[in-house]
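Colleague: The following feature annotations were taken from TrEMBL:
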- Asn112, Lys113, Ser114, Asp115, Gly161, Pro162, Ser163, Gly164, Val165, Gly166, Lys167, Ser168, Thr169: GTP binding site (BINDING)
- Cys243, Cys248, His250, Cys256: Zn(2+) binding site (BINDING)
- 63-219: domain 'CP-type G' (DOMAIN)
- 72-217: domain 'EngC GTPase' (DOMAIN)
Amino acid sequence: MMEGIVVKAYGGFYYVLAGETEWECSLRGRFRHEKQQVLVGDRVELTPRHGRAGVVEKVLPRTNALVRPPVANVDQAVMVFALREPEPNPGLVDRFLIAASVNHIEPILCFNKSDLGGDTQLEFVARYGHLFRVLVTSAKTGDGLNELLQALQNRVSVFAGPSGVGKSTLLNALIPGLRLKTGTISDKTKRGKHTTRHVELISLPAGGLVVDTPGFSSLDLPDMKLEDLAGHFPEIAQLQGECYFTGCLHDQEPGCAVKKAVDAGAIQQSRYLQYLEFLNDLKERRRY
Ligand code: GDP
Ligand code: ZN
């Protein structure tokens, strides 16, 4: 028995990468009865057959499973925003960061279009640089692409972010032979946005696997309990247990360690205000 990772599913076969070899596998019969879906990204046990054929015997437990694109066991999400055209919006960046955290995916913030950047770059690096891994790239000039390739090594990564920020252009630059459609939204629609692509995990020349289809481009704040929100802000989560009240929501409560940290400048005011805004969103949802 061997262990491998499903990199592609096509025509009823599952292509499993084990070491350097890709095996064309069918599924052991009982999968059909159990209705267990096998996803790209799944880690599986397989029995080799003749040539490079094999049979998937078992799917190992998943760390996560995304819906769009449908991929399992994603280690990290490269969350792409443009420094200009379209200008990044901190509230949106924070929503993406929370979505990653909820899915147990490590975020890498990638601010693209550095060739157009200007002052926005400093502002966003200052806001996030001490909290998350931040990269600045230009798919146009190639600026920062080596750092991006390095960040992808030994991990399974997916690209996500709003539309028009350069996700497809970046993926095309990183993956030899890939030709995702790029351009304005209307260009992409004209050229047939709805043609379904098969999701595939591509091995990068420098190592690491990347999902060849960009992920979610817009999203709502995921629903959660009010007291869980703070856990998705690392700078707030690290003060857990230090407030006077257990279950402190860091809002109006006296003796709040988070508010003290904001006043002392240890937590950025703008991130804290964003936290409060999300907290209110979650409260509003509970009223209807
Ligand atoms: P996606 O919707 O996130 O996949 O964005 P695309 O990759 O389709 O890119 C949207 C537009 O931005 C296209 O016209 C690209 O040529 C352009 N673009 C992508 N990356 C860069 C960059 O680094 N600099 C500049 N100036 N334009 C870029
Ligand atoms: Zn508190």
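Note that Cβ sites are derived from N, Cα and C of the backbone, with glycine treated the same way.
Any TrEMBL annotation is an automated prediction that lacks curation.
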Colleague: For the binding-site residues Asn112, Thr169, which Cβ has the most other Cβ atoms within 10 Å, all shown protein chains included?
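Modeller: Checking each of Asn112, Thr169, the winner is Asn112.
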Colleague: Test of understanding: give the count of other CB atoms lying within 10 angstroms of the CB of His250 (Zn(2+) binding site).
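Modeller: Around the Cβ of His250 (Zn(2+) binding site), 23 other Cβ atoms lie within 10 Å.
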Colleague: Mind looking up the mean pLDDT for the domain 'CP-type G' (63-219) in the predicted model?
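Modeller: A mean pLDDT of 90 is what the model gives the domain 'CP-type G' (63-219).
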Colleague: Comparing the binding-site residues Ser114, Ser163, which residue's C-beta has the most other C-beta atoms within 10 angstroms in this structure?
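Modeller: When each Cβ's neighbours within 10 Å are tallied, Ser114 tops the list.
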Colleague: Please report the three-state DSSP label of Asn112 (GTP binding site).
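Modeller: For Asn112 (GTP binding site) - judged by DSSP and reduced to three states - the answer is strand.
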Colleague: Nearest of the binding-site residues to Ser163 (GTP binding site) by CA-CA distance, picking from Cys243, Cys248, His250, Cys256?
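Modeller: Nearest candidate: His250.
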Colleague: May I ask you to report the DSSP-based helix, strand or coil state of Val165 (GTP binding site)?
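Modeller: The three-state answer is coil.
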Colleague: Taking the Cα atoms as reference points, how far is Cys243 (Zn(2+) binding site) from Gly161 (GTP binding site) in Å?
Modeller: 34
Colleague: Going by C-alpha positions, which of the binding-site residues (Cys248, His250, Cys256) is nearest Gly161 (GTP binding site)?
Modeller: His250
